[in-house]
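A.B. asks: So TrEMBL lists the following for this protein:
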- CYS158-CYS174: disulfide bond (DISULFID)
- 20-43: transmembrane segment (TRANSMEM)
- 55-80: transmembrane segment (TRANSMEM)
- 92-116: transmembrane segment (TRANSMEM)
Amino acid sequence: MPVRKYRRETSEISCCLKYLLFASNVILWLAALVVLSVGIWAWSEKDMFRNIARLHFIALDPAFVLIMLGGVAFLLGFLGSVGALRENTCLLAAYAIFLSVLLIAEIGFCALAFVLKDKGWIKDQATEGLKAFIRHYREDADQQNLIDWIQEDWLQCCGIDGPKDWDSNNYFNCSSIAIGSREACGVPFSCCRRRPQEVIKNKQCGYDVRKEGYILGICFAQNLRADIYNQKSKWH
């Protein structure tokens, strides 16, 4: 005798909760798709897929960060939206596990940062990453923009320990005068303190400022910010 199959006519979860979870994860999914697309586009523009060896401190590369964040959020949004819409317990279980892993990883990272903050490990890693960015300034547009933003807007600094850090860059090294680099013995424009009511940035304000005869007044707490003037004088 054939077994009769009965179609499930009622949902096992609240309809309101179901569509709320679905809608929120669709939004996350679409946003993640945009972020992932921007990251992949940035890497393709830099031709990084064929030149991975050129990448230094991959975890600090803006395009790679976008790809990783976009990929994780895309997967999370897919599991949540499809699982909620289809009421698929496997997808919803994977969604819950994924969220739990992310939460545990976040808590663990914060705890690790708290434990290691006094030992200087995090500071040393960040310093090495930023020094690598300084060495390869001009070679990667994303990293160049990141360094300029850090120096000009965020930390308001010039180099890591001071303007002399830019001696490690081939373009700003004082020995580059011999090969005709106009930026030799200088610093990027992001080291300059903008004057009041300055509308257009002076991209040449850092030229020659580490040569003898130029004032380089250091301000802020740890000699991080360079206030640069173009008149000739002795060093402070």
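Cβ coordinates come from backbone N, Cα and C, glycine included.
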A.B. asks: Highest CB neighbour count within 10 A among the disulfide-bonded residues CYS158, CYS174?
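C.D. replies: Within the set of disulfide-bonded residues, the most crowded position is CYS158.
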A.B. asks: Could you tell me what the rest of the chain brings near the transmembrane segment (20-43), counting residues at least six beyond its ends with Cβ under 8 Å?
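C.D. replies: Long-range Cβ neighbours of the transmembrane segment (20-43): 49, 62-74, 76-81, 84-85, 142.
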